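For reference, the structure is listed below as structure tokens.
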């Protein structure tokens, strides 16, 4: 990497679908990492100690969501309009339910307020213009730096009737990790929500039986969180010891 | 039947006081059977807790997690390319599908989906279809064995050996290949592969016909599988079940046709569908899918044109011109000469080193890529924070979702039907537990 | 024709240990303990190409009560570990364990919270078989090595004496990195 602007990104033409990131906004973003090497115990021998890597601020996309150059985004505006109309029919204001919308890499993500999640999900399933019959499960992501929004739950929805795919993202703070369960709307989420509870500690209110599913029933802690160690053992081979992967010196 | 004589309580494990309490107050004609994690069925470590009333199952619960490996968390500490090696071991009967779903998600994050060389895409399709055939053969083999037909097991594994030979020739391993890498595939097809695949294409229909002759109209087989474990389209969609089970219920939904990837839109094949929605229909659908896969593989062989198999971008693509060296397989001598010796540059060596140890960086964001695996929709949700390692990778595994349907399929049937139902779902516990 | 024709004067001399070892090794029944990917290779060993029936082992017994050999094929998770021990305890003596694959031998590539780092934390292992997954031929090789071991196990007083001797030798062994085969044994 010879130039600083390159920032290690692959040689892609700039007009592609990376989220737009003005410089000042990037500088105002929270710092994700300082320094280059993973070991913080010894003195900085690398000269990279003053490196600052910023986590890019969450971007919001503006209307129109459909990009005429990208055929994958053709239905985004339609879906957003239909969702807005459908929510208005049941009296939920669109701006209260949907915090922001992100269109990135040919996929649309609706960031939903957790109080309105069940409402939005049932509208997405039942409205004939939306008809997202298939929920492809919940994924949890833990962002420890994102204060008050540490735990994200990501729902992928697929519409077989219209052959479309969207994503819903719901956040909740570590202090109050509750998200309403949509098992009533999409029964397939039963095990997925149990798994997300098991791995992240997100409590899904209204789930019929929120218990551990992958870990043993009496396990303590939620393993896939970032503050849970990987938990390996050091490996000894011919006199040398190699620590488990999360304690090795990282070069990135 | 009216006067209950004894009370049965499952007493193998658990707190003894609880067992005694349950024995005292439990309903006298209910029996809880634990088909524990280790059992004769070869579907891996699946635990079924059945409440029986005589021979009828009144309640079926599934216990999973006995093979949980923490693969998703492990991947957060390895580079994006090393993720392939982990991901391949999830659903270990369809390793290439896992790899392809992961690589498609990574390529979507990198934005290079349309720059993957065509030959790489054709090879990916061919390997995936071969994997679909081998997975269906294992499904049929283990299904036969669980029903008590051991001949089906031995013939299924024998056919599968032919496909594993091709895998070994191309990727070096019989299983868990780590062959599909972000940007293309690990190495090109060695000479002789096309001939071997053509041999397979001539041999396999005969073997398949033999198997069908044995099972399709077999009265014992029909009696055990007709009208067993019925799950119609509504049930399937509510439970999120995809794959052969959904197609056997009547809905011709296949991601290869609906949202084509890797160039599937250029291949001619049908989506087999049946409307029996029972175990027999799923068996027929799987057999038909094997035949369709053979068609696709033939088209792949015709589409193979010489070209690169890894993306040309030097910042992403691992060196894929491998050759047989003195100590086994390694980088091509020309590549080594370039990076090490005279005529080569220090920068090339540094570049190779950095690319292999640190890996390429993926711009921040998230992406979801789904493939139609042999078991259903296999989706990979990848989140990147801009670094050379995944921030979070989650797999939507079809077996995990399909297993939720066990209760809906089994309750009301007999114990023997539970075995048939679970076998027809064809769960692979590595994918379920990850 | 048979063994009887080859014997000098129709008499065969052997020891009870050899007879017992021969009988045990030729009819060893494996318990089905296939967990993950290695289980598929184990099933392939039972298939017609890498035939395990030639060693008398095609009868994989599902119930551990009738099994002699437990081939731990695959990664053992923390949830599965007690089950593994229960199955091992349910097997009757004499019993042997092959740790098939790197995950069973040492935790494999999964050095993390969820996998037991080597099944010898739970059960005593006789043969460790590396590979991810090991080829069926490798599993057969491991089984043959186990057969050699079984054929040559000592019984009774000889066994106690052998155990004591081994213990003394190991107590005397120095923790050298370069250890030759003799020093290791």
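Note: Cβ is positioned from N, Cα and C throughout, glycine not excepted.
TrEMBL does not curate its annotations; it predicts them automatically.
Marked as [4Fe-4S] cluster binding site by TrEMBL: C:37, C:38, C:103, C:132. According to DSSP, residue C:103 ([4Fe-4S] cluster binding site) is assigned to a helical segment.
Residues or ranges marked as domain 'NADH:ubiquinone oxidoreductase-like 20kDa subunit' by TrEMBL: C:37-146.
Fewest other C-beta atoms within 10 angstroms, among the binding-site residues C:37, C:38, C:103, C:132, are seen around C:132. Mean model confidence for the domain 'NADH:ubiquinone oxidoreductase-like 20kDa subunit' (C:37-146) is a pLDDT of 90. Those binding-site residues from C:37, C:38, C:132 lying by chain B, with Cβ under 8 Å from one of its Cβ atoms, are C:37, C:132.
Here the domain 'NADH:ubiquinone oxidoreductase-like 20kDa subunit' (C:37-146) has, by DSSP, the following mix of helix, strand and coil residues: 46 helix, 16 strand, 48 coil.
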